[in-house]
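Some features that TrEMBL has for this protein:
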- 12-83: domain 'BRCT' (DOMAIN)
- 93-146: domain 'TERF2-interacting telomeric protein 1 Myb' (DOMAIN)
- 170-210: region 'Disordered' (REGION)
- 172-181: compositional bias 'Acidic residues' (COMPBIAS)
- 195-206: compositional bias 'Basic and acidic residues' (COMPBIAS)
- 243-319: domain 'TRF2-interacting telomeric protein/Rap1 C-terminal' (DOMAIN)
């Protein structure tokens, strides 16, 4: 298509005015601006678009010279905001680009986030207009610290509210198929059995005793109206630590705790590997629904899948 002669006209028909200091960049861009109906100022005038080359020191409000080239390339007048430069002469990240970065990085492990391969992939995919170095720097220096911010109070009601919000999302998602992820263990007679199958065979083993003991504790223990401030404070510190260690947001950490019944060691292992430390599957919404049924057959199925001790811990966790 023929290049538009009104490329650099405002909506009211007035020409856009640009100021760019004398140099090779101005010699290269001047014909493009003039051919598109724009004007170049000899001195910086009020209302004129201040152009600067990426990488050079630029005042606030300066626009990258790439703006002119990109408008000509697309043969349309583009918004200025995505081409704004920072004081260091870099293209500023837009809110949409920040959101895209957070979405793309969510759930990636610390090694991937701190390395180069992930960011090079994102650059090749055209996720933003920035280099992979700029995207990594933006995430690690500006976006990730915002995700680390803990609640501004140790009010237990806020902590419970956070778990409630995470639980709503946990309950709204489809159940994960965990059975295929369970590692099989070999027995002495050479037959392979899953942890759940081994647990179901231990009718009078220690896990059944643990289940009975914990169930008895649940019946006898007094119901606390709220957690102590020291416990809540420790929860906050642990969640902050996991957010920083695994480069994930607060909701991801909270849901990991939900899937692992609040067990700190199991949650840490799960965030790192996506699996449970003891080889059993993580809890799903469907499992919790089964757990609520007063049915011995259903309970035995859950014991076979998770082990009696894990089932007992889950009951206590869900009621805490």
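Glycine residues also receive a Cβ, built from the backbone N, Cα and C atoms like all the rest.
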Tell me the residue counts in helix, strand and coil for the domain 'TERF2-interacting telomeric protein 1 Myb' (93-146), as DSSP assigns them. 39 helix, 0 strand, 15 coil
Here the mean pLDDT of the domain 'BRCT' (12-83) is 92
If you run through the domain 'BRCT' (12-83) with DSSP, how many residues end up as helix, strand and coil? 24 helix, 12 strand, 36 coil
By DSSP, how many residues in the domain 'TRF2-interacting telomeric protein/Rap1 C-terminal' (243-319) are helix, how many strand, and how many coil? 54 helix, 0 strand, 23 coil
